[in-house]
Structure formats: C-alpha cells, structure tokens
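K.L.:
Structure incoming, see below.
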Amino acid sequence: MILLAHILLPFTYILLALLIKKASIKSRLAVLFATFNLLWALALLPIVQFKDIIVVQVGGWAAPYGISLVADRFSVFMLIMTAIVFFLVTIYATQSVDKARRKSGHFFFTFGILMGVNGSFIAGDIFNLYVWYEVMLMSSFILMSLGGERAQMEGSIKYLILNLISALFFVSGVGLLYGNLGTLNMADLSAIISEKSHMLTHLNPALILMVVSFAIKGALVPFFFWLPASYHTPPPAVSALLAGLLTKVGIYSLIRFYTLFLYHDAPFWNQLILWMGVLSMVIGVFAASSQFDFRKILSFHIISQVGYVVIGLGFYTVSGIAAAIFFLAHNMLSKTNAFLVAGWVKRQKGTLNLKTLGEVYKESPVWGVLFFISAFSLAGLPPLSGFIGKYLIIKAGIEANYIVVALIALFVGLFTLFSMVKIWLEVFWKDVPKDRVVKIPEKKRKSQYMLTASIIMAILIVAMGLWAQPIVTYCEQAAVDLLNPELYIDRVLNFSR
Amino acid sequence: MELIIAIFIGLMFSCGVYLILRRSIVKVILGIFVLSNAANLIIFLAGGITKSEVAFIPHGEQTLDPALINDPVAQVLVIKSIVIGLGIAAYILALKYRYFEVTGTHDLDSLKNTDQR
C-alpha cells in the first residue's frame, strides 16, 4: 500500500481543490500537499536502500494479471527528485502565477502532473504506464493553455498534436506487443523475452513504436520539434515544472525499457540509442546558441542535456547508467532553477528577449548569483553538480571504449558554456541598450517566496556537487539493479502475501 | 476476419496520416481522431477475433473454460483507451474553439509565431 500514497496524495488535493474557492487557501494547501509528497518520497528511500524492492499488487491480483506498482532504487530516486522539484516550484508558483490562474486551477492541474509523473515512475505494467502518461499529458495540455493568451494557444496546439501522435505510437506498440506475447506486465514480458531469445526481431515493430514514443516525449533528435515551439509560451512557473519533469519521464521509461527488454537485442538498439543521444546533444546545443530568447535557449538545452543521459544509457555499463541517473537528477534541479530565474526576469522586465534586457545583475545581485549557479552547473563547471555529472559520463564513455562519443560530449560542454555565458552577458551584465525602449512595470512586486524557492534549489545544486559521493554510490547501486533485471522480475512475479 | 480488420486498420491509418498532413487545423484534429481509433482497433485485434461467449463466469460456478471465451484483457484495454481518447477529443475541440476565437483562423500556417527561427 505504501506506494499508493504517491498517487492518492495528489488525487486528494485535486478533490479538495474542487471544493475550495479562494486562491490563497488553494496555494497554501498545495504547498502542504507538496511537502507531504516530499516526505513520503524520502520515507521510501531507507526501504529500498536497506531492505528490498517495493512491490504493490493493486487490488490483490497476482502479478501478470493485476496492476503492479514497483519501486526500485532508480524509481525512488526519481520520485524524490520529482518531489523536490515539485515542492520548490509550488512555493515559487504561489507568488509567480497570477491570481486568476491560481483561482482557475493552476495547482489543480500541477497536481495532475505530479500524479501522472509519480505514477509513471512506479508503474510496473506497460498499459498502466500509458494511462499515467495520459494523466500527465492531459494536465500539461491544460496548464499549457490556461490563461488563453495567443502565444499560449499556438504553443499548446503544437504541443498537443505532437504529443498525441506520440501517444498513438505508444498505444499501437502496446497492441502489437500484447498480440505477440499476451501480457503487458513489464517483469513478465522481460522474463518471457529472455526465455525466447529467437522472438526478438519479431517484437521489434512493437518496441520501435514505443521507443519512438519515448523519444518524442523525451525530446530526442529527430523528434524534438514540439519542445522549443511550446515551452516558452506558458507562465514561467509552468514551463519550469514541465522542463523539470516531463521530458525526464520519457527518458526514465527509455532506461527502464532498455534495461528490461531492449538489451536482449543490443547490437541493434545500442548503436541506435547511442547515436540518437549524440545527435541530440550536438543539435540541441547548436540550436540553443543561435537563439535570442532566454527561455528558448533553455528549451533547446533540454534537448542537448537529454542527449547526455541517453549516451550514458548507450554505453550500457554500470558506470554509464549510474552517470545517466546522476545526470538526470542534476538536470532536473539545474534546469528548473534556470527557468525559475527566467520567470523572475520576466516578472521584473516584462520580456525575455535578450536584445532588450541588460543590467539585471546591478539591479539584483542575488538573482544574478542564482542564475550563475544554475547556468554554470548546466555548463559543467566545478564544484557544481553538472561537473560531476559530465565527468562521470565522459569517464564512463572512455572506460567503455567510446572515445569519439566522449570527445563529442566534451566539445558540446564547451558550447553549453558559450550559450550560458551569452545569457549571462546579455541579461545580467551588459548595459541596457539605449535605442530600445522597454516598458518596465512601475511598481516592483514582491518576490520573497520566489527567491526562497530558487535559493533552496541553488543550495541543493551546490550540495549535490560538493557531497556527490553518497549520491554517486547510490546511483551505482541503482545501475547494478538495472543491469541485473532478474531481481526485479523475481520480486514482481513471485510476490506473495 | 482478422485479415479484413487488419486491412481496415491500415486504411484508417492512411486516412489519418492524410488528414494530419492537411493545412486546416480542424482536419488535423479529425486526423488525430481517426488515428486514435485505428490504434484502439490494433489492441482489439491483439485479443484475437473468435466466435465465443462473453467473459463472465456463470452464476454458481467457480471457473470457466478459457477456450470458451475471448480474451477480456484486450477489451478492457480498448475501453480504457477509448475513454482517454474521448477526454482528449473534448479538450482538443475546446482548445480549437478558443484558438479560433482568439485568432479567427483555421490555418496551420498562421501558427509559426512561436517557432524557432
């Protein structure tokens, strides 16, 4: 039952939010529930670390027939990072999002996203995973368009259509897989596939459909076009949440699928995944360097950084997957914080166009430092978390004899640094251009909660870099678990109570 | 029977792809509907098409011979995904309506303001 709380907590908030009318009470309740969610996720950590994988068979039906919820080390780590990001973004949103949006259900739908994301991290059944995806996507569609500004409408139509196409791929894949093997429980599927190794090519159509769907959700090259077209349109608190959580779910599922099914046909998948990652890295960073909008640069960087995670998976060694998990967690924090700073700049200056901004550092050194920390963590400067993440990935690449890939990763890091310096110089450092008249809101609005959330996140980024050792050890244990799926299969299928 | 349904699914997929390549947003949305129904049919087909009883255990009995019934799981999955499709259809039409109110156009080419250049 312990895992169900991750679904029931957000759901309880959703029910309560229907009854409450006042925006301020809704916000406070949201922070309260986000705290509960965080505490609950942390409570799971000692169980998976010292005891065993947590398995819950919903409704008491035995494994291949009922719905299994499974949490191993990797899932719990992702649950904790999600909870942290969600908690901080919720605090930030209580002040950043305008009252009309908060009143008409901003938190309602962010909790929908939380429910979907938590559900996808613990789903042990492919169809269940699809349902959580839909919960998450429906909420994100609505958040994307909530408010009804013109740019939002355009962004959400593109986001909607391309993500629906990815959902269609996924459903078709589920259908083909079920037709072939007659089960959708991931552990059961993995067991069947490892018994019948001759069926692999037979299953490839279904698996390719699903991997393409994950690649669309995870914004990998060549399926990323929806992301930079839509992530800069909603309110900043929304894009921070989406950037921090949604693409990571696609990548999580890819890692899960790879370590349970795809590795049986490694010669086919390994190179495909690896080079998809490399291309995402390179194309994302080049496209980011050419942009002139704060949030668009960050959006393209999501693509580039997802590529790093995927090449870590493509190495398929313990250190490679451990590096991928660490990098995923680091990226959730650093990327979200960069978006939070963008939200503050937008609130103060009313625009995020790099050409019209300037001198923000003079105005508020604190936010300057916060941006500095998250941006240079993304670029991979020591002692921040991004340095450890990139170091681990490049080291894993050299150990796995993918020297060229490791060198490309280093080279991409240089360009990441370039575009981060570009934002830093244009937004925070240079003088405000004289010829550009910008309408600045006269009354400076308060932003203490926004600041608190962003400071906590920056502290976490620094802490994750300085005290990386225990986290890396945990990630390595998680990677060992992932590389030996027998334990996972055994725990799910032989669950007895 | 399976072959006929398979060909029909193929036809639906091609209609759907044709529709989502159109310029009008309404036609793209219709294409999404057609495609999602085609995907539902794939799951339906995965359960196998046989002439058989409903998957209910008769009153007073404990078990049922699996040879007598059709695979109920596939049908459950189809129902779930039809319901999800229904919710999405309602939302996407509402979004389209609002978009039309804001901009007064059906043309996908007018959507390029938020694109990367």
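Every residue, even glycine, has its Cβ placed from backbone N, Cα and C.
Annotations for this protein, taken from TrEMBL, read as follows:
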type     : residues  : note
TRANSMEM : A:6-23    : transmembrane segment
TRANSMEM : A:30-48   : transmembrane segment
TRANSMEM : A:74-93   : transmembrane segment
TRANSMEM : A:105-123 : transmembrane segment
DOMAIN   : A:123-416 : domain 'NADH:quinone oxidoreductase/Mrp antiporter transmembrane'
TRANSMEM : A:129-147 : transmembrane segment
TRANSMEM : A:159-179 : transmembrane segment
TRANSMEM : A:206-227 : transmembrane segment
TRANSMEM : A:273-294 : transmembrane segment
TRANSMEM : A:306-329 : transmembrane segment
TRANSMEM : A:366-388 : transmembrane segment
TRANSMEM : A:400-425 : transmembrane segment
TRANSMEM : A:449-468 : transmembrane segment
K.L.:
Could you pull out which residues elsewhere in the chain have a CB under 8 Å from any CB of the transmembrane segment (A:6-23), counting only those six or more residues past its ends?
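P.N.:
For the transmembrane segment (A:6-23), the list is 29-30, 33, 36-37, 40-41, 79, 99, 102-103, 105, 107-108, 111-112, 114-115, 118-119, 122.
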K.L.:
Does the transmembrane segment (A:273-294) make contact with the transmembrane segment (A:400-425) through 3 or more Cβ pairs under 8 Å, each pair 6 or more apart in sequence?
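P.N.:
Judged by the Cβ rule, the two regions touch, with the required three close pairs present.
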K.L.:
How about the transmembrane segment (A:400-425) with the transmembrane segment (A:306-329) - do they touch, taking at least 3 C-beta pairs under 8 Å (6 or more apart in sequence) as contact?
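P.N.:
In contact, yes.
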K.L.:
Mind checking which residues reach the transmembrane segment (A:306-329)? Cβ under 8 Å, same chain, six or more beyond either end.
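P.N.:
Apart from its flanks, the transmembrane segment (A:306-329) reaches 74, 77-78, 81, 218-221, 247-248, 251-252, 254-255, 258-259, 263, 266, 270-271, 273-282, 284, 388-390, 392-393, 395-397, 399-400, 402, 405, 409, 412, 464, 468, 471-472, 475-476, 478-480, 482-483.
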K.L.:
Do any residues, 6 or more residues outside the transmembrane segment (A:206-227), come within under 8 Å Cβ-to-Cβ of it, and if so which ones?
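P.N.:
Apart from its flanks, the transmembrane segment (A:206-227) reaches 126, 133, 158-159, 162-163, 165-167, 169-170, 172-177, 180, 246-251, 253-254, 257, 261-262, 269, 276-277, 279-280, 283-284, 299, 302-303, 306-307, 310.
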